[in-house]
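*Asks:* Sharing a structure below in structure tokens format, with a few things to ask.
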Amino acid sequence: MSTNPKPQRKTKRNTNRRPQDVKFPGGGQIVGGVYLLPRRGPRLGVRATRKTSERSQPRGRRQPIPKARRPEGRAWAQPGYPWPLYGNEGLGWAGWLLSPRGSRPSWGPTDPRRRSRNLGKVIDTLTCGFADLMGYIPLVGAPLGGAARALAHGVRVLEDSVNYATGNLPGCSFSIFLLALLSCLTIPASAYEVRNVSGVYHVTNDCSNSSIVYEAADLIMHAPGCVPCVRENNSSRCWVALTPTLAARNTSIPTTTIRRHVDLLVGAATFCSAMYVGDLCGSVFLVSQLFTFSPRRHETLQDCNCSIYPGHLSGHRMAWDMMMNWSPTTALVVSQLLRIPQTVVDMVTGAHWGVLAGLAYYSMVGNWAKVLIVMLLFAGVDGTTHVTGGATGHTTSGIASLFLPGASQKIQLINTNGSWHINRTALNCNDSLNTGFLAALFYTHKFNASGCPERLASCRSIDGFDQGWGPITYTEPGDSDQKPYCWHYAPQRCSVVSAADVCGPVYCFTPSP
């Protein structure tokens, strides 16, 4: 008799079974003994529940759940938005009308025209139509058509790259309108002016007619690297260069008129960007640059041989300008960057609401590249006479000269025949101490100023002159006590000398050819 227990038949009571999932009509369900709430929101797809009679049949292929479609139509404030007011559709019809009759066949899913929008519709339709026409040429149609198709795909890849770079880089969402603004600044600054006289070409600083951008009553906007020479009253005269791209009749002319143009331009750019039609406005602006806005008001010539910068010429300033002229575009950008602090003050005090609105809008949306472009555009018409790289370098050298130790050798002045000499070089008394601020502090005890009191004794004090009245005019020094080392010495007026009367080489501070 066996001692093993009697095997029992498994029933529903003693079988360890997993709890079944229960679904309720309201959408809730019990999964693993846990009640799940019904899913809220729109359901993208519903799988059909199999009937009891179908459970023994093989399961068919399950249909995928459809994905949410990208909304079509106006997608405002999104990269790659279509132009409103049927601009996108209108350009599509324009491309269809401009395309040849042979460009109707489709290229399949890789058709560049499927991914184009706005101006890309016209470009891709023309390139694809040209490829289709090349394919219809007998004998050589196959290779030419293939090459033209590859060219069309290359143009599409270039457009996609530009769209990605201009729409996804942070702070650099460029548009055609921004490129149009850049066209105002990136004029060919590296070109030098040439004057043709009887078949002989002369390099000059005078602006040619092709370098004149805009003319006002007292202002001329021109290409950088030249100065306008205007003929007035049967005589040619150089205008004063206020900025590298702006010249005026004289230094007292305000730049308010030009600044109002920049106000209007930046205000229009801000409005177009806020309405998301910047590409359309930029296209209109680029096309309008092909035409002349205003007639010529001044007669510009090239017989003055003007200087790029006004004022006194020092050796440091001359060397700085010659170095900066090797790269005029760099000189233009550096000159405008150095004027930005003063430009910010002028924006507020001058109530330039268009520029201020543009800066505020572009700063809020994070387009820092546009903020910089607007600042440079406004700084380009900043009215000041110290704007060239030479003036900046001269100011920097003046500040740095305060900390130069200077010469430490003993300075000995020698009076020979009424002239003062130091190492066989003529020098006046005051220039001997022009060796730096620190040198004047530490080396004055080594300076032999014997003879200077005798020379300065002939100079008069301030009470030796009569009280003047009326406007300030030039005076001609005629007295014997008017010496260059006296404080009351009045230098003679500068005269204009024609370059043809100068004996020796004429140095032109224009960009090197």
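Yeah, the Cβs are placed from backbone N, Cα and C, and that goes for glycine too.
Keep in mind that this is a model prediction, so the values were computed, not measured.
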*Asks:* Have a look at ASN233, ASN430 and find the one that Swiss-Prot tags as N-linked glycosylation site.
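*Replies:* Comparing ASN233, ASN430 with the record, Swiss-Prot tags ASN430 as N-linked glycosylation site.
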*Asks:* Pick from 164-167, 504-507, 508-511: which range has region 'Important for lipid droplets localization' per Swiss-Prot?
*Replies:* 164-167
*Asks:* Going by Swiss-Prot alone, which of ASN305, ASN325 is annotated as N-linked glycosylation site?
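*Replies:* According to Swiss-Prot, the N-linked glycosylation site annotation belongs to ASN305.
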*Asks:* Quick one: which of 200-213, 480-493 does Swiss-Prot have down as region 'CD81-binding 1'?
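*Replies:* Range annotated as region 'CD81-binding 1' by Swiss-Prot: 480-493.
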*Asks:* Can you grab the distance from ASN234 (N-linked glycosylation site) over to ASN305 (N-linked glycosylation site)? Cα atoms, rounded to a whole Å.
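*Replies:* So the Cα of ASN305 (N-linked glycosylation site) lies 17 Å away from that of ASN234 (N-linked glycosylation site).
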*Asks:* Among the glycosylation sites listed here, ASN209, ASN250, ASN305, which has the most company in the form of other Cβ atoms within 10 Å of its Cβ?
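*Replies:* Neighbour-count leader: ASN305.
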*Asks:* To the nearest whole angstrom, what is the C-alpha distance linking ASN250 (N-linked glycosylation site) and ASN209 (N-linked glycosylation site)?
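*Replies:* Counting only the Cα atoms, the answer is 20 Å.
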*Asks:* Could you measure between ASN209 (N-linked glycosylation site) and ASN305 (N-linked glycosylation site) for me? Cα positions, answer in whole angstrom.
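*Replies:* ASN305 (N-linked glycosylation site) has its Cα 15 Å from the Cα of ASN209 (N-linked glycosylation site).
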*Asks:* Among all protein chains shown, how many Cβ atoms are found within 10 Å of the Cβ of ASN234 (N-linked glycosylation site), not counting that one?
*Replies:* 5
